[in-house]
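K.L.:
As annotated by Swiss-Prot, ATP binding site applies to 12, 13, 14, 15, 16, 17, 18, 19, 38, 127. Residues or ranges marked as active site, nucleophile in Swiss-Prot: 103. Annotation source Swiss-Prot lists site 'Interaction with tRNA' at 128, 344, citing sequence analysis. The active site, cysteine persulfide intermediate annotation in Swiss-Prot covers 200.
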């Protein structure tokens, strides 16, 4: 049996149950484990309590329980420069960004990995629900987590082969209830802590309120694609393609009582387009353009492949044909897709293997671009 005690694994510990169990399992498997708490955002909750301080206390309690050293490292500047500025720029451009994808790419598997290597790490580990499979020739494949409901490969799709080579996902073969049960059996301080929701730096706060602190809202006209005035919107950045709530128009307009949805945006004119019906014609597209396309292993500069794709988290896979040129791709859908949203990720799969992905730029219907920006 190999001696794991000579293999140093640095675990990103958030103060949550998933990363706590990650550290516990690695320690039980005999690895030389170090816990690191990343402080990425300077924040207090509505009661004036610094949430990072509370989370760090939980990390300290768990690390003491399982007997591993732990440290805190501050990545606030890197986070602001590499994730938050991107997040704001995307909203300014009328898009709907996915900061978790960028946070994994730039912070958890870049800034954190670089820091871990200075501590002599052989690997880093996180509490993500994903799996890595290592070939004999050293190539690493990223597979979906066993818990379909928790699988996080969508958010990890921008990781490189070099990053995956250095990564372990000890929870990948477990389902969430099993992870909680392990934490409770071990009496970990975080066993009953509820999962965090929302964007990492916003936490539980009101999204609209938070965004308006950084981007001035520009109210404008809300109308149908036929040109009928439907009142005023609060600012394009507050709406995403396919959204239903928050429009304030109910069923009072139009002959039928079908609900209203965001069906388009015109950033240059500051117009929000709305229409009735979940499957409104303007919400259905047949292809998309993506940029920043990246694969987890080396691929040819230009190629075409058939695979499946996700266009948002927790969505069932859809069959697609992908034509790649450099870091751009055209993705044609076997069946029309609803609410393909610029700024979100498109992620490619071959069975359970996550191949990589890109960021959605434009959606098309039978070759015609849909006005989503």
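Glycine is no exception: its Cβ is also placed from the backbone N, Cα and C atoms.
Could you place these features in context, so I can see how deep they sit and what lies close by?
P.N.:
Sequence-distant contacts (6 or more apart, same chain, Cβ under 8 Å) of residue 38 (ATP binding site) comprise 12, 14, 72, 73, 75, 107, 108, 112. DSSP gives residue 38 (ATP binding site) a strand state.
Secondary structure at residue 103 (active site, nucleophile), taken from DSSP and collapsed to helix, strand or coil, is helix. Here the Cβ of residue 103 (active site, nucleophile) has 26 other Cβ atoms within 10 Å, regardless of which shown protein chain they belong to.
In the three-state DSSP reading, residue 128 (site 'Interaction with tRNA') counts as coil.
For residue 344 (site 'Interaction with tRNA'), the same-chain residues that are 6 or more apart in sequence and have a Cβ closer than 8 Å to its Cβ are 96, 97, 98, 311, 312, 359, 360.
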K.L.:
Consider the recorded positions 16, 18, 103 and say which one has the Cα lying nearest the Cα of residue 128 (site 'Interaction with tRNA').
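P.N.:
For residue 128 (site 'Interaction with tRNA'), the closest Cα among 16, 18, 103 is found at 18.
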K.L.:
May I ask you to report the DSSP-based helix, strand or coil state of residue 18 (ATP binding site)?
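P.N.:
Once the DSSP labels are grouped into three classes, residue 18 (ATP binding site) ends up as helix.
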K.L.:
Looking only at Cβ atoms, how many others are within 10 Å of the one on residue 18 (ATP binding site)?
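P.N.:
Looking across every protein chain shown, the total is 24.
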